[in-house]
Amino acid sequence: MSRTRCIALIAHDQKKDDMAEFARRHKAKLMGWRIVATGTTGGRIKEAVSELDVTRLKSGPLGGDQQIGALISTGEVDMLVFFVDPLTPMPHDVDVKALMRLATVYDIPMALNLSTADILMQTLTA
Ligand SMILES: O=C(CO)COP(=O)(O)O
């Protein structure tokens with residue numbers, strides 16, 4: 001039996017409203033996925049759609065991006081939605097870049113903004 005597909009969801013603070021909207025808009029499809037998220041993002045997703053199965057990892061600046069990178073490298077994440085804030089300096093910028101790098105290395109679908117994430121979700125079968 002194949003395992004449940006896993007999507008990683010992350011949003012920087014200025015993009016958390018976008019992530020809540022994304023979760024609401026795609027609730028029906030996301031219900032069929034296991035979700036891993038960085039700490040604060042995961043909390044916002046659960047607030048927006050309480051029925052979703054969300055595993056909350058560390059907050060991004062405390063290692064959450066690296067945890068998700070590790071899950072990508074072990075083949076446990078099938079898709080990454082990462083709403084990045086390009087206008088705010090981040091103390092953990094190197095972690096952000098490392099995560100995008102691993103998503104590229106392992107060739108998993110990666111959306112960095114809401115419009116691309118919407119298109120990705122439209123490509124998914126239920
Ligand atoms: O900083 C982040 C991604 O780089 C996100 O972390 P939080 O979801 O804990 O805010």
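Even glycines carry a Cβ here, placed using N, Cα and C.
Given the structure is predicted, the values throughout are model-derived calculations rather than measurements.
All protein chains considered, the CB of D65 (active site, proton donor/acceptor) has 27 other CB atoms within 10 Å. If you look up TrEMBL, you'll see D65 marked as active site, proton donor/acceptor.
A 10 Å cutoff on Cβ-Cβ distances gives T40 (substrate binding site) a total of 19 other Cβ atoms nearby, all chains included. In the three-state DSSP assignment, the secondary structure recorded for T40 (substrate binding site) is helix. Feature annotation from TrEMBL assigns substrate binding site to H12, K16, T38, G39, T40, T41, S59, G60, H92.
Taken from TrEMBL, the feature domain 'MGS-like' applies to 1-126. With DSSP states grouped into helix (H, G, I), strand (E, B) and coil, the domain 'MGS-like' (1-126) comes out at 63 helix, 20 strand, 43 coil.
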Can you check how the pLDDT averages out over the domain 'MGS-like' (1-126)? 97
Residues satisfying Cβ distance under 8 Å from T38 (substrate binding site), sequence separation of at least 6: I10, R56, L57, K58, S59, G60, G64, D65, Q67, I68
